[in-house]
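Chemist: My questions will all concern the structure given below.
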Ligand SMILES: Cc1ncc(COP(=O)(O)O)c(C=O)c1O
């Protein structure tokens, strides 16, 4: 998308606003499919948590995507968006057996990540085809919070517990159709994927009726021009070859599954916010915008560095700014960043705002969540309205005797 399109969206829908470029999502989907075109049975399950707007889910459904979900509510969103239950994969962590049973009744593929639930579920439903999440004990990921496959992580069943796992499967006679892993996000080095894949192949040999292997996700995307990223094409070439060889060894053509979030939607997203105030202090110049970590928490949560451009003055002289929000706590989007000269009223554009941005937004400080717009065929389409005061009050229950005193 070009700056003029983004400015048009800000003008038409107001600020702050999230904008998603449909074409970019489609081209990323096609890029991943192409990289693994040598694998006959490839399935891409979009990780709903990254960006869960129903219009985005529908866009990906049209492309043939399945879904990776982590909660019953994400499953419900997927069904609402028109996905067939068989195309939805459910990978919860630490949820109750009751929730898993409810999701199972919806006909969705269950992925279990601990031995206790596996045993209980297998005893009650031995006939249900189940996937198992393995923790391969690989330290990978751009940040401690998004590294989930290491030895201290709460995710998955330790690969060292394989003998116990196999015993539960044999005792319950459950039907294991897939094994899964996801080691983290923002993984640059393709050797990490290949190394972890070997652990999964090894574990797979313990199960005789597999239909698929799910390699999770974690591809690193670029955050600015010429930034480093996972070499998807190289990974495609190497992993496809190894996967195909494994299938021959296993004696069956399995499906290879990925469940990308960031790779599909991160770069497609832009967050637009207006500068409320430019404030010179003794140490810096603050650009204070009409937003805060209530709308985009990643810089404060993970230290993520979203590129920020002043699209109202793209050719202006560059100066150093600290871009901050209006929240009543330290609320910094960027420190000491070179941005073309900012005036009050300018629109700043945050890049890579498609993944884990709106989906992590809150109403902190009783602020409204922003609108979301899908840019498709040269036009902005509203896919979520800006909230209003009714949304803030919606589920609050007023106590009659207190109302009387107001
Ligand atoms: C189980 C699982 N699969 C897929 C993803 C998507 O990862 P990414 O956004 O890095 O592609 C995540 C992210 O947290 C995850 O936990």
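Note that Cβ sites are derived from N, Cα and C of the backbone, with glycine treated the same way.
TrEMBL does not curate its annotations; it predicts them automatically.
Feature table excerpt (TrEMBL):
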- 18-354: domain 'Orn/DAP/Arg decarboxylase 2 C-terminal' (DOMAIN)
- 23-266: domain 'Orn/DAP/Arg decarboxylase 2 N-terminal' (DOMAIN)
- 49: N6-(pyridoxal phosphate)lysine (MOD_RES)
- 218, 356: pyridoxal 5'-phosphate binding site (BINDING)
- 298, 302, 329, 356: substrate binding site (BINDING)
- 328: active site, proton donor (ACT_SITE)
Chemist: Which of the three DSSP-derived classes (helix, strand, coil) applies to residue 302 (substrate binding site)?
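Modeler: Assignment for residue 302 (substrate binding site) reads helix.
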Chemist: Taking DSSP three-state, what's the residue listed as 'N6-(pyridoxal phosphate)lysine' in: helix, strand or coil?
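Modeler: Where the residue listed as 'N6-(pyridoxal phosphate)lysine' sits, the three-state DSSP reduction gives helix.
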Chemist: Ligand 1: which of the recorded positions 218, 298, 328 have a Cβ closer than 6 angstroms to it?
Modeler: 218
Chemist: Which number gives the other C-beta atoms within 10 angstroms of the C-beta of residue 356 (pyridoxal 5'-phosphate binding site), all protein chains shown included?
Modeler: 25
Chemist: So, three-state DSSP: helix, strand or coil for residue 329 (substrate binding site)?
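Modeler: SS state of residue 329 (substrate binding site) = coil.
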Chemist: Using a 10 Å radius around each Cβ and counting other Cβ atoms from all shown chains, which of the recorded positions 49, 328, 329 yields the largest count?
Modeler: 49
Chemist: Could you round the CA separation between residue 356 (pyridoxal 5'-phosphate binding site) and residue 302 (substrate binding site) to a whole angstrom and send it over?
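Modeler: Given the Cα positions, residue 356 (pyridoxal 5'-phosphate binding site) is 11 Å from residue 302 (substrate binding site).
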Chemist: Residue 298 (substrate binding site): which of the recorded positions 49, 218, 328 is the nearest Cα neighbour?
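Modeler: The answer is 49.
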